[in-house]
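The domain 'Thioredoxin' annotation in TrEMBL covers A:1-106. The site 'Deprotonates C-terminal active site Cys' annotation in TrEMBL covers A:ASP24. What TrEMBL records for A:CYS30, A:CYS33 is active site, nucleophile. What TrEMBL lists as disulfide bond is A:CYS30-A:CYS33. Taken from TrEMBL, the feature site 'Contributes to redox potential value' covers A:GLY31, A:PRO32.
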Amino acid sequence: MVMHVTDSNFQNEVLNSDVPVLVDFWATWCGPCKMLAPVIEEVAQRMEGEVKVVKLDVDENPVTASQYGIMSIPTLVLFKDGKPVGKLVGFRPADQIESAIRGALNL
Amino acid sequence: MYDIAIIGKGPAGISAAINAYARNKKVIIFGQDSKKILWAPSIPNYAGLPDITGTEFMERLNDHLNKTDAVVVNKNVLAVYSMGTHFSIQAETEMYEAKKVILATGVDFKKTIENEDKFLGSGVSYCATCDAPLYKGKTVAVIGYNHESIEEANFLATVCSKVYFVPQIKEDLSKLNEKVEVVNGKPLKFEGAFSAEKLVLDNTEIKADGFFVLKDSYPLTSLVPGLEVDGPHVKVDKNMETNIKGLYAAGDVAGKPYQIAKAVGEGQIAALNACENL
């Protein structure tokens, strides 16, 4: 299961993480976000141990969403050592997400 | 899961739907009536229908489509993603799945605004319904290229603190919400550091948190990531298949001549080829 993060634990779970973290910024009213949910689960399974995958509801956690300039959802942001290193906007198949992550992390 | 999804409801799209239905396929077709057809005062060269008007022709096409059990969805398709075994189609806020897709969007020569593609998803949006909640209490601008953009601007006015409307159409704007401020001018480019912050027009500038570019069709490369194009056209082979397996194109979007008979023929070729191996 992909973990849900919030404004209050974002620092601990994402920014202070030892492994890179992929954050799925989503909302309950967003159709493409619902389609992306199983895809994100698949990416999490495929990349277990290499990348941590979490979800953040932009309605419940506006501070973090606004801090990272989320202006369209779904948006995926990859964090490494507390900094955003890559961003994908819109629904994508698992292969594309995985290859974007591998590209950004030189894996 | 549909067998075939058709993007566009002009002669090519409707011809594809009729032919796919004849082969017993489960069909979904997206779009509104072709404006190019509706505006044609007369169609002098369509074999068998001399002097039919555009409006009459569109009516006939719709009557024929209604005789099939194709599902008609009056929504703008924002993106088509190849998932390997099938396609995911985003129509505004809804997602649909189909085994094969036929693009029959028509051709659009309108130039995009400079940096529109660069800032897409970063302050530039093609869908008010999708992204409006992210701009709650903020300032946005709508660059409206179609009639629907007036309604979308009114919708945004219920969510955002300030809405600018930059009309690129000759429409009656009296139905605009009084909170919406009309700015007349020609949009030239978006500017900003990491996201679009400003729209430069030929006579003024608009600063906003978000910009909604609302039109009937979107750049092919943003509609289908990875699609091979040649200028405003999609590259196709003799089966009307594109470089993406299972994705076909027909009608004006597949190239010249921009003629109804050619569009109808290509819609048929695309549909019959798409029906194979389904």
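In case you wondered, yes, glycine gets a Cβ from its N, Cα and C as well.
Distance between Cα atoms for A:ASP24 (site 'Deprotonates C-terminal active site Cys') and A:PRO32 (site 'Contributes to redox potential value'): 12 Å, as a whole number.
Confidence for the domain 'Thioredoxin' (A:1-106), expressed as mean pLDDT, is 93. Proximity to chain B, defined as a C-beta distance under 8 Å, is registered for the following recorded positions out of A:ASP24, A:GLY31, A:CYS33: A:GLY31. Residues within less than 8 Å, Cβ to Cβ, of A:PRO32 (site 'Contributes to redox potential value') and separated from it by at least 6 positions along the same chain comprise A:ILE73, A:PRO74, A:GLY90, A:PHE91.
Secondary structure at A:CYS33 (disulfide bond), taken from DSSP and collapsed to helix, strand or coil, is helix. In terms of DSSP secondary structure, the domain 'Thioredoxin' (A:1-106) contains 40 helix, 27 strand, 39 coil.
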